[in-house]
Amino acid sequence: MKALSFLFIPVLGLLVCGQSLCPIDKAISEKIQEVTTSLVPGAVRIIGLDCRSVTSRGSLVTCPSGFAVTGCTCGSACGSWDVRAETTCHCQCAGMDWTGARCCRLHIQ
């Protein structure tokens, strides 16, 4: 009988807290929300994304210093490309006439 009552307690807890948060979980969630609401918008406001497009003749193009590749494009209807060292786009088709890259960096305003 004692074993049965010990099994009943966790089940009762699940029934009480099943769909909604328990009071302690709700209090913790509210506190986390309160703290992050005041911190995150302030941090996000001062961080910006600076992006630019660069092109070059041939099969390689490199982003300016401090920028990283976010996408590549190739001439001659070539759709095969790869990113090298996070800063250079390489078009893999033979006889490339041009290669382009979209380069971005985070900056603090």
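Backbone N, Cα and C atoms are what each Cβ position is placed from, and that goes for glycine too.
Around C51 (disulfide bond), the C-beta neighbours below 8 angstroms that are at least 6 residues distant in the chain are T70, R102, C103, C104, R105. Under DSSP, C51 (disulfide bond) is assigned to a strand (E or B) in the three-state scheme. Residues or ranges marked as disulfide bond by Swiss-Prot on the basis of similarity to another entry: C51-C104 (among others).
For C63-C103 (among others), the entry in Swiss-Prot reads disulfide bond. Classification of C63 (disulfide bond) by DSSP places it in coil, neither helical nor stranded.
Among the features that Swiss-Prot reports, disulfide bond is placed at C72-C89 (among others), with the record citing similarity to another entry. Long-range Cβ proximity for C72 (disulfide bond), meaning a same-chain Cβ under 8 A and a gap of 6 or more residues, is found for V61, W81, D82, V83, C89, H90, C91, T99, G100, A101, R102.
The local packing around C74 (disulfide bond), expressed as other Cβ atoms within 10 Å of its Cβ over all shown chains, amounts to 21. The annotation disulfide bond is assigned in Swiss-Prot to C74-C91 (among others).
As annotated by Swiss-Prot, disulfide bond applies to C78-C93 (among others). Within 10 Å of the C-beta atom of C93 (disulfide bond) sit 14 other C-beta atoms, taking all shown protein chains into account.
The signal peptide annotation in Swiss-Prot covers 1-18.
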Cα distance (Å, whole number) from C63 (disulfide bond) to C74 (disulfide bond): 15
Looking at the disulfide-bonded residues C63, C91, C104, the one with the fewest other Cβ atoms inside 10 Å is C104
Return the residues near C78 (disulfide bond) by Cβ distance under 8 Å, restricted to its own chain and a separation of at least 6 in sequence. C91, Q92, C93, M96
